[in-house]
Structure formats: C-alpha cells, structure tokens
Amino acid sequence: MLKILIPTLMLFPTIWLSPAKWLWTTSIAQSLIIALASLSWLKWSSETGWSSSNLYLATDPLSTPLLVLTCWLLPLMILASQNHISPEPLNRQRTYISLLVSLQTFLILAFGATEIIMFYIMFEATLLPTLIIITRWGNQTERLNAGTYFLFYTLAGSLPLLVALLLLQNDNGTLSMFTLQYTQPLHLLTWGDKLWWAACLLAFLVKMPLYGVHLWLPKAHVEAPIAGSMILAAVLLKLGGYGMMRMMVMLDPLTKELAYPFIILALWGIIMTGSICLRQTDLKSLIAYSSVGHMGLVAGGILIQTPWGFTGAIILMIAHGLASSALFCLANTSYERTHSRTMLLARGMQMVLPLMTTWWFMASLANLALPPLPNLMGELMIITSMFNWSYWTLLLTGIGTLITASYSLYLFLMTQRGPLPSHIIALEPTHTREHLLITLHLIPIILLILKPELIWGWCF
Amino acid sequence: MADYREAPLATRPKTLDPAEYFNLSLDQRRAEEERAGLRAQLKRQYQMQLNNPHRKELIEDPALTRWVYARTNPYNHFRATKKTSLLGGLFGVVPLFVLYYVLKTDRVWMR
C-alpha cells in the first residue's frame, strides 16, 4: 500500500518543482507509473480476506478494483485537463494538478482504510478538492449553485453517519473492518435503532446517488471542468457504493425490512432518470442522468444483500466508471471545439471527425451495456438477483434497460449522425492526446471482457 | 387559391396577392411589411457572419440560447397547479406506494 501512497504524495514536489516545460509530462508520467504499479494489487495471493495490510490500510477484493480504477484515472484526468488549463498562469496550473493529486490521495486512503472512522474522514475530505475544482474552474455562473448543492447534500447526508458511527464505536469499542464481520448481530428493535440504520446508509445513498436525493449530481457534473466530471462520475459515486457494501455487513437483520423504500426509489429512479435523459438538450446533463440510473441499479443490487447482487454491483461500478468517464471526455472534445454543450448545435460530427465517431460508438455501446462488455455482466447479475428477490422487479429493470439503450443510441445519433450545421467551421482536428485519452478508457473495459474475475469482489 | 403558385421569377397579379384577396386592413399590411423588414435584417446579419472570412467561432443564435435556458431552468417558473400536482403525484408518489405494496406482497405472502 505504501509503495503506491508515497509516490502519490511525492507527486506534490514533482508538480511544484518541475520546470514549466516539463510540468505536464512529468506529472502524467509519474501518475502513469503509479497506475501501473497499482495493478500489482490485483494479484491475489493472500489466504485471508485482506492483503497488503499495515496497521491502518489494507486491500481486499472489494476495494482492490476501486483502488486500481482510482489510480488509473489520475493520469487520464491530468491528460484531459491539459488543453483547457494551459492558458492559465503557471502556478494556477500547478494548483489545479495538486488538487487532483490531493483528491487521489484522499481516495486511496478512503478505499484502503480499514477503520470506518478513517473511511468517513477521507469520504468527507474528498469533498473539498472537488468543491474547489467545480466552483473555481467551472465554466458557467451556475457553478456556484452546483458547488453549494454538491457540498450541502453530501454533508447533510453524512452528518447522521458520524453520529451513527460514534454510537457504534461506543458499543463495540472498535470500528475496524477486520473485526466488524465477526461482531454479534445487533439487536435492533426500537425506533432509535431504525433511525441508526437509516443514518448509517443515508450518506452513501446521497453520494451514489439515490433517485430522491440525486439533485446535486446533474448540476455538479455539468458545471465541473472535465477532470472534475471524470473523477465525480468514475470514482466519487463509487465511494457511496463502497461505503454501503462495507456497512451492510453489520446492518442485518433490519435491512430485510427497512430496505424496501430505498430499493423502490432506486428502481423507479432508473426509469425516471432514463426518461429524463431522452428529453435532455445538454450533452453532459444526459451523461450525468445516465449515471444516476446506473447507480440506481447498483444501489438496488447492494440493498438486496445477495452474493450475486454484490458482485454485480462491483462489476457495474468499475465498468460504469470507465464508460462514463470516457463519455465525459468525448463530450469535452466536443465542448472544447464548439464551446457549447447543446447537442443540437454539434451534430453530424461523423463527417468531420470520423475516428472520434468510433470512440463515441464504443463508449455509447458500453453505456447501453452491450455484451460481452463488463457493463452487461454487472447489469445482468444485478437484474437476475433482483428477479430472484422478487419477480416484479424484472418489469422495472427490463423497462429501465430498454430506456437506457434508447438514450444511449439517442446520444450517439444526435452527436454523430445527422446534418452538420452549416455555420460550424474551423473545428480543430483531433489531437493525439484526445485519442490516447479515450483509448486508455476503453482498453481496460475491453480487457475486462477477458478476465472479469479481477473485479468480482469477495462473493465469488 | 391555396394551390396556386406563380411561375418562378414571375410576380403575382395584384388581385391574387393575399393581402388584397383576403381584404386585410392597412394596419395589418403595414405590420406585415415591418415584420418582413425585420426578418430580412436578421437574415442579413446571419449572412454577414456566415460569410465573414475572419470568423473562427460559431455564430451565436439567441433563439437557441433562450430555448436551451428554458429547457434547463423549468423550476424557476414552476407553479403548483392541478395538472402539475396530478402529474407529480402520478409519476413521483403513487408508483412508490404501488411498488411497495406489490413487492411486499410478492415477497411476504406469495413466496
């Protein structure tokens, strides 16, 4: 664990001491080396449930895929920001990359944490750099509103979690994840216990987000600059899923009764957000709402507490992280050329940028969960386990999948096919950097077709 | 009258001019001419920007901007009327209760 954490911390001196000409090259190179080193976590040689552990940090099959995803995303984020940050003064560029690296550090500490209070502190700590990135470097005036919604929704959800965790610490003496699974199941009978149960999960449900409390997500995703959108869609939403999966261990047996409203909200949310996607005019907003839908499926899979549900949830989290981030990068290439997110404005791009169309096509196919991509594997496992939980959920998840396919195709057809507007001239040709960025997103998804065992989690 | 079209490059005879044929008042005709003038000015502005050889950016269409703003900010002008309350309840509240009832019955009593 330390062999990843210390190079990440050493990225700060690299950023601040590199000469201006080499800033981007060195930061991307170092973060890429860290990403490749993080792949060593995937080799699972431990006999116990946890590996690579010291007193405070450890990895297990649940956190390893998310850690690798986080480490993989940092060079991609820096690569994506290179164009729109370059006109700024040097120190501001350094600050921007430092914010991304600090976010990375907090995320590694969060996913690697073995004690739930540490996870909570890192969970909250990730809010700050993201807030600064959204409100300072966003492009429209709505970014302030977006930052406020983002911060206060998540904080309001997580304050009850702090109380719940301190209560648990009081009862159990420790909150270490190593021993959490072995504690006696708590006798949860009173209303206070039910509130405690809800408090444990609310923060993560807001973060995921669940359909009823999802309002912060479209705003934050749309107003954030590209690196902000990437990290939000790919990793920060998964913090919510990861937290839920950790907390589920000790929330039995109340979950059987109390999870119904949340499962229902999640399932209904898939259909509702899918329908909203079909009506969107803003490109990033469409991708943001599709994230809500996919995460609703993940929330449903986690809340029914079956092994296949958990496995499907992890697979879908990783696959969606990569696919959603790829879509945001593609939307950014369109935005950097036309300075508008309106889909109607930037139509017919296939005529002008045909190779980019290939990447749009593959990313849209990943979004609509085409077999044999891991997106389908995750969705199918969740849908199957929910079908086992209750036959009627198939209606909702089936219609949800149909709507997902239709808005993904709508996204592709709107941006790539159709007539090119006659007044669009002087579009820059695609840079190699942009092609590299998107291929680095899509290649892991394709490779995961061949070895999905890496992201199956601990239930298989 | 509806199917009549003059030959290309020819002009209509005065009696078949719609303003005369439908006996529109002078005020309406003046308003019509003003509107035609405004449209011509807008088209001219667009053509000037379209054919400007030094232009590198997109032509900004204020109608598109207003439409996009209206599509993205509906809640500022939201009013709770009978129709909106009915729609909100039908799609946002009732399904949750119906689903709760359906899923609970299926899980608890049917299986």
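In case you wondered, yes, glycine gets a Cβ from its N, Cα and C as well.
According to TrEMBL, the features are:
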type	residues	note
DOMAIN	A:1-110	domain 'NADH:ubiquinone oxidoreductase chain 4 N-terminal'
TRANSMEM	A:21-42	transmembrane segment
TRANSMEM	A:62-81	transmembrane segment
TRANSMEM	A:93-111	transmembrane segment
DOMAIN	A:113-404	domain 'NADH:quinone oxidoreductase/Mrp antiporter transmembrane'
TRANSMEM	A:117-137	transmembrane segment
TRANSMEM	A:149-168	transmembrane segment
TRANSMEM	A:195-217	transmembrane segment
TRANSMEM	A:224-243	transmembrane segment
TRANSMEM	A:258-279	transmembrane segment
TRANSMEM	A:286-304	transmembrane segment
TRANSMEM	A:310-331	transmembrane segment
TRANSMEM	A:352-370	transmembrane segment
TRANSMEM	A:390-413	transmembrane segment
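When averaged over the domain 'NADH:ubiquinone oxidoreductase chain 4 N-terminal' (A:1-110), pLDDT in the model lands at 91. Across the range of the domain 'NADH:ubiquinone oxidoreductase chain 4 N-terminal' (A:1-110), the DSSP-based residue counts are 83 helix, 3 strand, 24 coil.
Two recorded stretches are said to be in contact when at least 3 C-beta pairs lie under 8 angstroms, sequence spacing 6 or more; the transmembrane segment (A:117-137) and the transmembrane segment (A:352-370) fall short of this definition. Counting residues 6+ beyond its ends, the transmembrane segment (A:62-81) has Cβ neighbours under 8 Å at 4, 24, 27-28, 31-32, 34-35, 37-39, 41-42, 44, 96-97, 100-101, 104, 107-108, 111-112, 225-227, 230-231, 234-235, 238, 242, 245-246, 314, 317-318, 321-322, 325, 329, 332, 433, 436-437, 440-441, 444, 454-455, 457-458 in the same chain. Spatially, the transmembrane segment (A:224-243) is not adjacent to the transmembrane segment (A:21-42); fewer than three Cβ-Cβ distances between them are under 8 Å for residues at least 6 apart in sequence.
Through the fold, the transmembrane segment (A:286-304) approaches residues 205, 208-211, 214, 217-218, 221-222, 233, 237, 240-241, 244-245, 248, 255, 259, 262-263, 265-267, 269-270, 273-274, 276-277, 280, 310, 312-313, 316-317, 320, 324, 327-328, 331, 343, 367, 378-379, 381-383, 385-386, 389, 393, 397, 400, 403-404, 407-408, 411 of its own chain, all at least 6 residues removed from its boundaries and within a Cβ separation under 8 Å. Proximity of distant same-chain residues to the transmembrane segment (A:93-111), defined by a Cβ-Cβ separation under 8 Å and at least 6 residues beyond the stretch ends, is recorded for 4-5, 8-9, 11-12, 15-16, 23, 27, 31, 57, 59, 63, 66-67, 70-71, 74, 77-78, 81, 85-86, 118-119, 122-123, 125-126, 129-130, 132-133, 137, 227, 231, 235-236, 239, 242. Tertiary proximity for the transmembrane segment (A:390-413) is limited to same-chain residues at least six positions away from its ends with a CB under 8 Å from its CB atoms, namely 267-268, 270-271, 274-275, 277-278, 283, 286-287, 290, 293-294, 297, 300, 327, 343, 360-361, 364-365, 367-369, 379, 382-383.
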